[in-house]
Amino acid sequence: MAPLKLNNKNLSQIAAAGETQVKVPTYKRGGDVKEGIVHVGVGGFHRAHLAVYVDQLMQKHGVTDYAICGVGLQPFDAAMRDALGSQDHLYTVIERSAKGSFAHVVGSINSYLFAPDNREAVIAKMAHPDTHIVSLTITESGYYYNENTHELQSEHPDIQFDLQPANEKSPRTTFGFLYAALARRYQQGLKPFTVMSCDNMQKNGSITRHMLESFARLRNPEIAKWIAEQGAFPNAMVDRITPQTSATDKTALADNFAIEDSWPVVTEPFMQWVIEDQFSDGRPPFEKVGAQVVKNVHDVEEFEKHKLRLLNGSHSAIGYPGQLAGFKYVHEVMENPLFSKFVWQMMQDEVKPLLPEIPGVNIDEYCKTLIERFSNPTIMDQLPRICLNASGKIPQFIMPSIAEAIWVTGPFRRLCFVAAAWFHYINGVDDSGKKFEVDDPMREELQAKARAGGTSPAELLSIKSLFGDDLRGDKRFLQEITKAMEDIARDGILKTLPKYID
């Protein structure tokens, strides 16, 4: 049969239409529920992660106070506004694995606000008494966090704009919106909402707190004090591989499940969320749908460290060298025995010894699971997605392991190879001479430094906001990364890689 347009009217038909049965929401939506969560940055990951947890709470446990209002702050978010708006804010999650593909329609996003159309509506929504949580997936660059000083980038033009009292009703940044909404709640005698980062950063809650409190102190110390004393910013570890949706994915959804969806989400079956139980104005029972809610922030930090150093660090080891070698997808890289050995040995020999033991977690089994997930050919995870915004990733996923390895005199040559590959990747030309797009908020500065440095890392390492001062003065590190850069420049990735495999 012809595919059915995804919307409320067609849900019952969609549930019975495709070759494989599709799960659809049977819970109340629209005006019958309260939107207790406002989420900033509705992309693929949010729709495959937090929105799925909330969908399960609504479907299995009858939760009606925590539907999601999505928010887009950037002009490019108009595409998500239009896609969701055209289908009653429903969308399809397609889980792919060796066992096959499974689809279910998610209805936890109840509405969507596009800030460039109406900034006041976003502030009012956050400030509304029904809003208990404002969650974020705004990527590393959206936090205006200086990796070197660990402070707010208060001189950034957008932050400077939002700090002007005259601009409080027309902010540009997430922190401008959060502050404006919290200031209203303070004036109205309401509790502050919880600010819940779902971004892939270590100590994401602590960083969010520090950035927002720093912003608030520059605007109004009294409100900053209130946020510091009564606000909540839970730390969390989030995990689910979610590639960019392709036209092929939409066609497959129509062919196999008879659904016409403007913007479905493709993901893997695996999903994990470890979150600190720190909420200022209530929360839904996330633990009932598989989230690991922990009391101790230290527990979250240990899970975060495992995930960021092993999964995300390995993604970097796949992404930048893989792009230079001419691959397109993660699974293609892992099908190459050189790469699969390299990634395994980097995890086992250089990263694993630096990680804390977590009761009940077998690191070797976790590493094996990661190799299996990376090798999944069905989700078609694109290397450009892995390589996106590297200036916010490499300082978190690779450099801390190098610094710790130096401190304990451990091995780190493979980690240096990854950093060197990124330094070459910055130029936007692969080993065959083919150009590719470098999507990074610091691209111009990085490319200028890369051109000036050639095969020397010195120019790039001089960017203090990314690398600080310590590594530049370490002879072992400079020798290793310089050697890797020279080898890659001379021989290319595939001929250099065997030197880093035992």
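Just so you know, glycine gets a Cβ as well, placed from its N, Cα and C.
The annotation NAD(+) binding site is assigned in Swiss-Prot to ILE37, VAL38, HIS39, VAL40, GLY41, VAL42, GLY43, GLY44, PHE45, HIS46, ARG47, ALA48.
Most Cβ neighbours within 10 Å among the binding-site residues GLY41, GLY43: this distinction goes to GLY41. HIS39 (NAD(+) binding site) carries a strand DSSP state (E or B).
Packing around ARG47 (NAD(+) binding site) is summarised by its Cβ count: 29 other Cβ atoms lie within 10 angstroms of its Cβ, all protein chains included.
When Cβ atoms from all protein chains are considered, those within 10 Å of ILE37 (NAD(+) binding site) total 28, not counting its own. Least packed by the Cβ count within 10 Å, out of the binding-site residues HIS39, PHE45, is PHE45.
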